[in-house]
Amino acid sequence: MPAKFIFVTGGVTSSLGKGITAASLGRLLKSRGLKVAIQKFDPYINIDPGTMSPYQHGEVFVTDDGAETDLDLGHYERFIDISLTKASNVTAGKVYWSVITKERRGDFLGGTVQVIPHITNEIKARLLRVAEESDPDVVITEIGGTVGDIESLPFLEAIRQMKSDIGRDRVLYIHVTLVPYLRAAGEAKTKPTQHSVKELRSIGIQPDIIVCRTERPFSREMEEKIALFCDIDPDAVIQAWDADSIYEVPLMMQEEGLDSIVVERLKLNCGPAQMDDWRAMVAKLKNITRHLEIALVGKYVTLPDAYLSVVESLRHAGMYHNVQVDIRWIYSADLERGGLEQLQDVAGILVPGGFGDRGVEGKIIAARYAREHGIPFLGICLGMQLAVVEFARHVCGLEAANSSEFNPETPHPVIDLLPEQKEIEDKGGTMRLGLYPCRLQPGTRAHQAYGEEIIYERHRHRYEFNNNYRAELTARGMVISGTSPDDRLVEIIELADHPWFVACQFHPEFKSRPNRPHPLFRDFIGAACRRAGGGAG
């Protein structure tokens with residue numbers, strides 16, 4: 001049976017939760033036995049978010065095949081429990097680049113290249129490519145931005161055309177909008193939703209379902225009012241009120257009947273949703289009473305979305321151990337000016353990835369504090385590199401040790417540029433990206449965590465442990481517990497005489513799931529629980 005297509009658009013304002021809505025629907029449809037593919041279309045002109053500031057975009061999520069993508073793909077993977085590909089994130093930049101390349105090659109035979117049909121055809125081709133690659137029952141596509149944005153218009157026009165291209169019975173439109181609650185008036189207001197749907201209909205898209213983000217539930221009468229003005233069935237007005245945890249949203253959507261309406265409208269052949277495991281997970285999350293505080297020492301701590309997958313991975317591990325992980329956000333540059341008291345009473349310290357030299361010395365201070373005080377430590381990517389620098393300086397006596405990224409003239413470049421990176425000048429899409437194998441050493445904490453010899457993890461880096469210093473550092477107590485299969489690249493280091501000090505070059509946070517925490521996060525939180533007292537859950 002040909003794939004059915006579901007398009008999720010947003011109105012009134014950004015950050016309403018289109019991604020969570022799409023991910024929740026994907027989870028519900030998968031639980032019905034359907035094969036689900038999902039993708040995000042972003043209307044910005046960047047080719048990908050790889051070179052964008054985290055302050056503007058949040059986290060860059062990396063797929064198995066090395067795509068640098070929008071953070072919503074992390075939600076998709078965690079909720080639906082699938083691994084996505086480069087085809088799952090399409091930007092306006094990629095679309096225009098492809099069309100311009102074809103024009104330069106002469107593919108359009110001298111014709112005038114226009115937004116319609118050339119840009120819209122390219123968008124539709126990328127929509128259909130996902131269906132061709134994975135042969136799903138359903139393809140869910142989230143359109144980034146807000147209806148009314150100039151940048152979104154070609155994407156909206158493309159999805160409008162889809163209903164005539166492949167048939168109205170294979171297409172369904174979901175519009176996520178805002179129903180604000182005005183405390184002064186003591187009621188919710190539907191006017192923003194009405195205007196947003198009017199804008200959407202003006203470009204030829206009639207939504208089948210409206211998902212209303214709201215602070216609190218509203219009346220059936222208000223649902224009927226929205227249905228009347230927006231020309232949909234009252235049962236297709238779905239309320240999505242504020243939840244304590246994003247993992248409650250699929251259950252909320254199921255209760256509101258979202259998946260049932262989708263199945264009915266698209267005539268999908270499937271069974272009822274099997275959400276018992278998810279429901280049990282959420283119930284466990286709600287019943288947690290024990291708290292555990294972890295210090296996250298980073299550069300972008302004023303914008304937690306910059307570390308979204310790390311935060312979610314800590315929560316997954318917390319659920320496993322029956323604790324709520326509370327994060328103490330510490331701006332790494334503050335530690336360079338003192339402020340060590342911020343680290344004194346935490347159960348664990350995590351130093352995540354990052355770029356640039358601002359705050360680097362503060363991260364080194366955090367790694368040293370964890371090493372000297374026996375505090376469980378997890379370093380990720382740059383966090384591993386700086387743990388190596390700290391060890392070289394303060395244990396091996398290489399006082400000027402550094403990464404050549406931050407000091408090209410250092411006499412001891414314990415972290416250096418990967419050989420294959422030395423001639424590369426472009427910044428975008430040129431790092432060591434995606435899934436690579438790693439061989440673990442038996443008897444190490446890493447091997448104990450994974451329980452297997454060969455693992456596969458996602459990477460995003462240019463710099464690597466300098467093997468010229470491997471013998472010197474291991475002689476002083478550093479353990480190389482994971483390497484590339486050819487032993488050329490150091491992937492994981494740990495300390496032998498420490499309760500739990502592990503750092504990895506890859507990004508374990510991208511493979512954690514709410515019902516299956518990543519082994520390193522799981523054991524890190526387990527060690528933190530033991531330090532806090534009471535043992536791991």
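Including glycine, each Cβ sits where the backbone N, Cα and C put it.
Not measured: the values here are computed from a predicted model.
Now, the feature entries from Swiss-Prot:
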- 1-268: region 'Amidoligase domain' (REGION)
- S14, K189, T190, K191, P192, T193, Q194, K225: UTP binding site (BINDING)
- S15, L16, G17, K18, G19, I20, D72: ATP binding site (BINDING)
- Y55, G354, L382, G383, M384, Q385, E405, R462: L-glutamine binding site (BINDING)
- 293-534: domain 'Glutamine amidotransferase type-1' (DOMAIN)
- C381: active site, nucleophile (ACT_SITE)
Check: Got a sec? Which of these binding-site residues, S15, T193, Q194, has the most Cβ atoms within 10 Å?
Finding: T193
Next item on the list: Quick one: of K189, K191, which of the binding-site residues has the smallest count of other CB atoms within 10 A?
Entry: K191
Checklist line | By Cα-Cα distance, the member of binding-site residues S15, G19, G354, Q385 nearest K191 (UTP binding site) | finding: S15
Notebook entry, point to check: With every protein chain in view, how many other Cβ atoms are within 10 Å of the Cβ of L382 (L-glutamine binding site)?
Noted result: 25
Notebook entry, point to check: Across the region 'Amidoligase domain' (1-268), what does the pLDDT come to on average, as a whole number?
Noted result: 94
Margin query: By a 10 A CB contact count over all chains shown, which of the binding-site residues listed here is most packed: S14, T190, Q385?
Written below: Q385
Next item on the list: Show which residues of the chain containing Y55 (L-glutamine binding site), separated from it by at least 6 in sequence, have their CB under 8 Å from its CB.
Entry: Y300, T302, L303, A306
Note to self: Within 10 Å of its Cβ, which one of these recorded positions (L16, I20, C381, M384) has the largest number of other Cβ atoms?
What the structure shows: M384
Item checked: For E405 (L-glutamine binding site): intrachain residues, at least 6 apart, with Cβ closer than 8 Å -> D357, I415, L417, R462, Y463
Note to self: Test of understanding: give the count of other CB atoms lying within 10 angstroms of the CB of K225 (UTP binding site).
What the structure shows: 17
Checklist line | Site diameter for UTP, Å, by largest Cα distance between S14, K189, T190, K191, P192, T193, Q194, K225 | finding: 24
Next item on the list: Measuring CA to CA, name the entry from the binding-site residues G19, D72, G383, Q385 that ends up nearest T190 (UTP binding site).
Entry: G19
Margin query: To the nearest Å, how far is the Cα of L382 (L-glutamine binding site) from the Cα of D72 (ATP binding site)?
Written below: 23
Checklist line | Maximal Cα-Cα distance (Å) across residues annotated as binding ATP, namely S15, L16, G17, K18, G19, I20, D72 | finding: 12
Checklist line | Secondary structure at Q194 (UTP binding site), reduced by DSSP to three states | finding: helix
